[in-house]
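Engineer: Found this in TrEMBL, in case it helps:
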type     : residues         : note
REGION   : 1-21             : region 'Disordered'
COMPBIAS : 8-20             : compositional bias 'Acidic residues'
BINDING  : H150, D157, H218 : Zn(2+) binding site
ACT_SITE : E215             : active site, proton donor/acceptor
Amino acid sequence: MGQNSAQEGEEAQLEAEADQAGDQPIVGIAKKRELPEGFVYADEVLEHAFYDIRYYSEYNFVGEQIDGYHAPFAILSVQAAKALKKAEQELEPLGYSLLIYDAYRPQKAVEHFKKWAADEQDVKMKEEFYPDIDKKNVFKLGYLSQRSGHSRGSTVDLTLADQVTGEPLDMGGIHDFLGEISAHDAAGLTEAQAKNRLLLKEMMMAAGFKPYNKEWWHYTLNYEPYPKKYFDFDVE
């Protein structure tokens, strides 16, 4: 069997396992089930991960539910989910689990971010998420992108959490904080915070992901299956 055929077989098996995992939702919301080919729900692949999908809620830098997020699910390409499972397995003996904030992101969500950035009157979340920058500059500064890697299906925002309680480790800054403290090499971190960031980074890189220097929580699969394709199906 050729390498491509073997890879396709592994992907089909993973999708089948996800299909057999049942329709049990994360928080009482049924899954749509008809995902595009090559995508899976992360909670049907990962065994111990926690989820806090911020763009389904109002707790994010915009301060409202984001377009395209109709359910609090994490969706990923089959390849990304499989790689993330490797990280999960490596973390288990250490007493940690993954806590996922965002995964696949519809392009319509990015359009929502663009409209928000252009509305200079809306600063209700400034104090908590971007106290030191002008929101109109979030794209220029590299905190947001006109075409997000998340929309390709193999990028994930996440942290480490206690395996029992789900309590996130102290990373020295919150997810989606638009400021310098979010950089991997940010100044002012305690030894414990820097150690926690490094552990997450090492585990994710060993699993086949690459970090983004401005955001300690943001990782993209090295060999993503859709490097030039941006999807817009809803999270539901």
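Cβ atoms here come from the backbone N, Cα and C positions, even for glycine.
Automatic prediction, not curation, is the source of TrEMBL annotations.
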Engineer: Express the distance between the Cα positions of H150 (Zn(2+) binding site) and E215 (active site, proton donor/acceptor) as a whole number of Å.
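Structural biologist: Cα-Cα distance, H150 (Zn(2+) binding site) to E215 (active site, proton donor/acceptor): 14 Å.
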Engineer: Radius 10 Å, atoms counted are CB only; among the recorded positions D157, E215, which position scores highest?
Structural biologist: D157
Engineer: Inside 10 Å of the Cβ of H218 (Zn(2+) binding site), count up the other Cβ atoms and send me the figure.
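Structural biologist: There are 24 such Cβ atoms around H218 (Zn(2+) binding site).
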Engineer: Other than H150, D157, H218, which residues of the same chain sit close to Zn(2+)? List them in sequence order, counting a residue when its Cβ is within 8 Å of the Cβ centroid of the site.
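Structural biologist: Close Cβ neighbours, site residues excluded: Y101, D102, A103, R105, S148, G149, T155, V156, Y212, E215, W217, Y219, T220.
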Engineer: Determine the Cβ neighbour count for H150 (Zn(2+) binding site): the number of other Cβ atoms within 10 Å of its Cβ.
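Structural biologist: H150 (Zn(2+) binding site) is surrounded by 25 other Cβ atoms within 10 Å.
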